[in-house]
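These come from Swiss-Prot:
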{"type": "BINDING", "residues": "32, 33, 34, 35, 36, 81, 82, 113, 136, 173, 290, 314", "note": "NAD(+) binding site"}
{"type": "ACT_SITE", "residues": "115", "note": "active site, N6-AMP-lysine intermediate"}
{"type": "BINDING", "residues": "408, 411, 426, 432", "note": "Zn(2+) binding site"}
{"type": "DOMAIN", "residues": "593-671", "note": "domain 'BRCT'"}
């Protein structure tokens, strides 16, 4: 049996290794929850044996050394980390310690914030002008990232307002919204570039680029949460007051910051944020709870590595470790072949996970994945579970290579990968049963033709029994034929037939989306429908004409043009129209004749809307004569900013474009 000294040495060595991977290499090998568990184990042993604590123990310092490639900045005030709690009992114990330590009987109020999963930074302003920025590094010395921080549009280069201190060091978190993260990885997969495991790694990798021009292309954003150096000026005597003052000076502060009057209110805040977490649009891993009074903070003071007046209340882990049993290959509606890891089932964020996407061959190569490997699985919100990385230090001896198929696993057709694309595709088209199934499932889905009651299992049976080959065949189905399907009685069959009949009356935009043209989502379909007005005009459009539609570039234009150039696709459309699929004739909208504040304007929506869905908002805006675009440019007239608006809002502010919130949008929609 190992001695206590040996256990301590092994734990410290393991933690130092993972700190190096996390802080220096930006390539963590284990989940945060596993790191937290190891740290707790080390703390418990050191608490029982204080005589064995060493100055270089991971419990005695904050972080890890900065990268040598950057020059260094020494923090005038150390950037400490926070202690963690993981359950209500631990938080209530922290609350009691705070109450017991305070010498006065004054009431304690708490300032509660989101614990953003990004990169902590320090930004120094002198006379209101940004002069330097640094990472936290080891808490004493960080990396000079001034040039990169200056590219982040959410961070003001000059503060505005009155009574700005001569020297003010603002601290906060640089992070990457989920939409930006997905776009970066989507682009990387298409071009064969580096794919990031999660938004935190993407933010760190983007911020620590030696070339600021690369950082500038990444949609990073920032929220401030505290202050370091303060000279030649004053700040309010509460933490919340300071954050509100920062906001007045032009610094971004999360609108979820909340003042809680009691421990019970803190717990309610925690559970509300946990409930809202999937809809925030960016990653968090808990909430941060701080004593609001600066005077009380001073009374409480610090321990060696963290303040006594604050704590991070972390959510259940979204990452766990498990083993890959096998890798199988699925075929999508456009023929894309996606490798899927079959896992030893593991609970991640409260859900039992047994499968995880591997995206494509490049991702398997990037991960260095082999069948039998121990891997880290991540599940965030409603996102499909993903393999974050392979735990190479624990690779079994009997792992097997993952062999990507050269022929479709469903129909046997050749698999091809177009140069410049990361995705390999089955060339079988509609002769491939898998593509046929997925195309039909998309066609009847709620946001497409919206055929109520026609679920995936019905589509699977219809294809397997050869009842349906194209979307037009769906409208030829009879109740008698449907009754022959498994678990389909006469009444259910008639309901499906009725739903198909009802679905024949649709909109041009829904019809285009239902066709499943590559790269044409709902917003693009709506833009095409609004711009061309009729199917005939769209079918006849050249690639150059298609690019005149907002947010349609050369890639999307080529896919649309090629789709309508294919005779088989035109035949299916003709059959659908012959079966009675139709939509209202286009109403020619003259923006000058519409009495609407949105008429003739190019509008961009950003952030989360709480009163109506984004799709409904887009539809109403188009009805009132607006053109809804997906990105902000000099051509944009108006930006509507919901909650957690990020880089689009920052760009709009930089360009001087008018910005309104959801409340104002609803007022104008009703006017």
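Cβ coordinates are placed from backbone N, Cα and C, and glycine is handled just like the others.
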Query = Given the binding-site residues 32, 34, 36, which one has the fewest other C-beta atoms within 10 angstroms of its C-beta?
reply = 36
Task = By Cβ count within 10 Å, point out the most packed of the binding-site residues listed: 82, 408, 411, 426, 432.
result = 426
Key: Cβ-based isolation winner (fewest other Cβ atoms within 10 Å) among the binding-site residues 136, 290   = 290
Task = Provide, as an integer number of angstrom, the distance between the C-alpha atoms of residue 82 (NAD(+) binding site) and residue 115 (active site, N6-AMP-lysine intermediate).
result = 11
Request  = Determine, from DSSP, whether residue 408 (Zn(2+) binding site) sits in helix, strand or coil.
outcome  = coil
Key: Neighbour count (Cβ, 10 Å) for the residue listed as 'active site, N6-AMP-lysine intermediate'   = 21
Task = Quick one: pull the CA-CA distance for residue 411 (Zn(2+) binding site) versus residue 32 (NAD(+) binding site), whole Å only.
result = 42
Inquiry  = What whole-number value in Å do you get for the largest C-alpha pair distance within 32, 33, 34, 35, 36, 81, 82, 113, 136, 173, 290, 314, the residues recorded as binding NAD(+)?
reply    = 25
Inquiry  = I want to verify one value. Collapsing DSSP to three states, which class is residue 32 (NAD(+) binding site)?
reply    = helix
Note = Smallest Cα-Cα separation from residue 36 (NAD(+) binding site) among the recorded positions 115, 408, 426, 432 is shown by 115
Query = With DSSP, how much of the domain 'BRCT' (593-671) is helix, how much strand and how much coil, in residues?
reply = 29 helix, 18 strand, 32 coil
Ask   = If the Zn(2+) site is taken as the center of the Cβ atoms of 408, 411, 426, 432, which further residues of that chain fall within 8 Å of it by their Cβ?
value = 331, 335, 409, 410, 412, 413, 427, 428, 431, 433, 434, 435
Secondary-structure category, per DSSP, in which residue 115 (active site, N6-AMP-lysine intermediate) falls = strand
Request  = Give the distance between the Cα atoms of residue 408 (Zn(2+) binding site) and the residue listed as 'active site, N6-AMP-lysine intermediate', rounded to the nearest whole Å.
outcome  = 45
Ask   = Out of 115, 426, 432, which of these recorded positions is nearest residue 32 (NAD(+) binding site) by C-alpha distance?
value = 115
Remark   = Whole-number Å distance separating the Cα atoms of residue 432 (Zn(2+) binding site) and residue 34 (NAD(+) binding site) is 43
Key: Rounded inter-Cα distance in Å - residue 136 (NAD(+) binding site), the residue listed as 'active site, N6-AMP-lysine intermediate'   = 16
